[in-house]
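Accompanying notes for the structure given below.
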């Protein structure tokens, strides 16, 4: 295997002092900007691209890698601390992470997220180095029917976020699915449910919905409860760091999250959201204390966070081997390559090995930097929760609004944020879970498009949906996951009758 | 920032403010622009990119900004992004609030012509003042390397045999790639409503579908396919250019008997209600910019073809394109 010496050579490139500096700058900027909801890593890279015209290609790409990882991590920090997922991939983190923070366990939540990201990033980077050529063959053979089957599997897992009542959970999910219909239908080019508002033609932005439902909704809810007995937030209860028990409960979810994130991230239409949902559902099912889920289970942070970062590394597989940008950030990195007249693709590994291996090696460096930068900050971040509630939530509102405006300066967007905030408040007030709404908005349109694409290619023949062994396997798995709980319950009852 | 500012008593709080401020200044740094040195009639030119940062129109706007300021043609230039709906959100704002503003331009292109029609935009390009066409990209048709289709004739034969069985992967519905397939069907006498065009968001997914032989053929800008064609993974069937292009090793569709020309052009336009002097001034600014070494360098670096056409000639080109696109969208069945 020639990958190993190449990787070592790459490390020697990445470890040059100047490149280390670029990695630090990248990670810092990425984290700082990732903290703002709405401004994701892609936007950051886009805005920084002109600045790097004069830098050498290696250095600036290394910086971009840092921004990418940093942005992923920054989004989880706000998800955990103030229930504001910075991007859709940190949605699953917010569900348990924020509950942990409120119970005074923000420190361990941030730590398991940082270390999990590190572990996942490192394993996934090794994956790029050794598995990329093989994985990419699998990835391009993944057709619309296979994607549809993957989405179905993801849908089955949604029930993990339902909370106590399946009916309320399904109601939330269908609200999300309905919101997902808004905008131009990608396959026919026709507009749906836009009521003549041009801003709605692009559909509803996931981050606007998530920030509205989670952050604004919660701020309103807290304000409405304030008169009675204000909820006391304890910034730190017990250890600030992860206990032995926390480590024990975290390491398996990290590995499982990586196993979901990396391959799905490498799929051209895989994305970062699906692996986080799958990981969350898996952890809930496998946990020793499933009753803790919904009240701050560390597994529910560790798994999705690892999946999130591993998928970020996964998207680099098709980018480097085929020149396929499969996420907004990867598209920006492609633009970064092109500005130096480099064409990522099958020839890049052969033509500019020092650059590719330098980038892969710099992912290790960026990952390590991320840990070095963020672990000491955990103590500081957690103290944010010590701020009196009225200040904290006022700050969150400003923060949420600013992020939304910075991402899309439009009155309609802001109004949507407010409406979703009100909706989030009412849902909390009447005890409907909010996460399924966002999941519906993310998965609905994806599943619809892949299904219709698959059927268009097969000229309407539904057999095409199960023709590929992969699709059939995934659908079978979803079916099992769907009926297993009922069967097990039935068996239990059966056994009970026997006694 | 007032809300958090009031609480900025502790060190932690101040730190988070620093982070916040850094993030905010980052976000806006891109739109500030560099100050030029030479004087000109327009102190500061505002360039609207009716798209999110990163896309083709945004890159064009930022390239114009940097060419103008480094060559000292204007003192300063500022890019604003107004994303949404193929550019028509930006267009509406441009026409409604920019009326008579002689220091404002907007980047647009072929995609906007289609988006106006498919999205039934109340504001159209009839209302803007044409300034100049700047760049063009060659549209290419490819098939997977293992496809039995070797050239345009094979592809046309397959299309004529059963249009529904020829599946096309390309960009969004009603976009340049879709228009190309519609024009091709019309050119070879196949009913354009029968074509089986499958839109993908983002080039990556479409390219993966072509490489994985999930579809018969793919359409996109040549640049998106270049690496794969050179690596022998895709076969170039033809480009929709009027004549062969030096850097592309492959025939045009025209020389293979398919009478079809389509380039994906980008241009700049000004708001409605300008005086003759204002228009002439903007045209001369863009004229100077297009000739500047800074712009020529950018074209080379980005792989954009120079398609410069300004003033009245561009005005009539724009009119013709609108008629042609309206016609093809109607025959595909996307608009009534």
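Here the Cβ of each residue, glycine as well, is placed from N, Cα and C on the backbone.
Listed in TrEMBL:
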{"type": "DOMAIN", "residues": "A:20-439", "note": "domain 'DUF112'"}
{"type": "TRANSMEM", "residues": "A:20-49", "note": "transmembrane segment"}
{"type": "TRANSMEM", "residues": "A:61-82", "note": "transmembrane segment"}
{"type": "TRANSMEM", "residues": "A:109-132", "note": "transmembrane segment"}
{"type": "TRANSMEM", "residues": "A:138-160", "note": "transmembrane segment"}
{"type": "TRANSMEM", "residues": "A:204-223", "note": "transmembrane segment"}
{"type": "TRANSMEM", "residues": "A:316-335", "note": "transmembrane segment"}
{"type": "TRANSMEM", "residues": "A:355-379", "note": "transmembrane segment"}
{"type": "TRANSMEM", "residues": "A:391-410", "note": "transmembrane segment"}
{"type": "TRANSMEM", "residues": "A:430-447", "note": "transmembrane segment"}
{"type": "TRANSMEM", "residues": "A:468-488", "note": "transmembrane segment"}
If you count every Cβ pair below 8 Å, which range out of A:138-160, A:204-223, A:355-379, A:430-447 shares the most with the transmembrane segment (A:468-488)?
A:138-160
Which range wins on Cβ pairs under 8 Å with the transmembrane segment (A:391-410): A:61-82, A:109-132, A:138-160, A:316-335, A:355-379?
A:61-82
In terms of Cβ proximity under 8 Å, which residues at least six beyond the ends of the transmembrane segment (A:109-132) contact it?
1, 3, 7, 69, 72-73, 76-77, 80-81, 93, 96-97, 100-101, 241-242, 246, 250-251, 253-255, 257-258, 261-262, 265, 296, 298, 301-303, 305-310, 312-314, 316-317, 320-321, 360, 363-364, 366-368, 370-371, 374-375, 378, 381-382
Per-region confidence, the domain 'DUF112' (A:20-439) (mean pLDDT, whole number):
83
